[in-house]
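Notes to accompany the following structure.
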Amino acid sequence: MKASTVLQIAYLVSQESKCCSWKVGAVIEKNGRIISTGYNGSPAGGVNCDNYAAIEGWLLNKPKHTIIQGHKPECVSFGTSDRFVLAKEHRSAHSEWSSKNEIHAELNAILFAARNGSSIEGATMYVTLSPCPDCAKAIAQSGIKKLVYCETYDKNKPGWDDILRNAGIEVFNVPKLNWENISEFCGE
């Protein structure tokens, strides 16, 4: 399977997320086959982020105007639903809630593979957002040998990529607009 196809599948998987801030998707591919997927969200049976945010009043109606580059909007929109966005002033409260209640896409994909008895040794992980340091440590320990990501999380602590590279994992950043030319970035 072409890397550009797998990356697009990761984006589609991200749309299953109920997070009102970031919708993140991860796909683990090995020998040309998808063996696991994951998206960020609450554990099964837990309260979903979008529902909790609505109850807490963290959401705004999505503005109908186009945001001009460099303009600071009143809200942040990172793949949220078509109608609502997380209000900027509630981003830190959301982050605190999310860190206690949501599992990241990368870890969900790794756990799904483990739960189903699929070896990810030597696999490639495609993810729509750069991993946090905790996910980078999990990826480093998992046996994955290559990570391909699109966007860089703006609040990420530095060094997550060093964790991966120090574990011998190749790391590639592929901007969304270059998905068709992904072979230029990661040789697939």
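One-based numbering along the chain as shown.
Keep in mind that glycine also has a Cβ here, set from the backbone N, Cα and C atoms.
Given the structure is predicted, the values throughout are model-derived calculations rather than measurements.
Per Swiss-Prot, the candidate among His90, His94 that belongs to the Zn(2+) 1 site alongside Cys19, Cys49 is His94. In sequence order, Cys20, Ser21, Cys49, Ala53, Trp58, Leu86 are the residues of the chain that are 6 or more apart from His94 (Zn(2+) 1 binding site) and have a CB within less than 8 Å of its CB. Distance noted between the C-alpha atoms of Cys135 (Zn(2+) 2 binding site) and Glu106 (active site, proton donor) is 6 Å. There are 25 other CB atoms within 10 A of the CB of Cys19 (Zn(2+) 1 binding site), with all protein chains counted.
It is Cys132, among the recorded positions Cys49, Glu106, Cys132, whose Cβ has the fewest other Cβ atoms within 10 Å in the structure shown. The number of other Cβ atoms within 10 Å of the Cβ belonging to His104 (Zn(2+) 2 binding site), over all protein chains shown, comes to 25.
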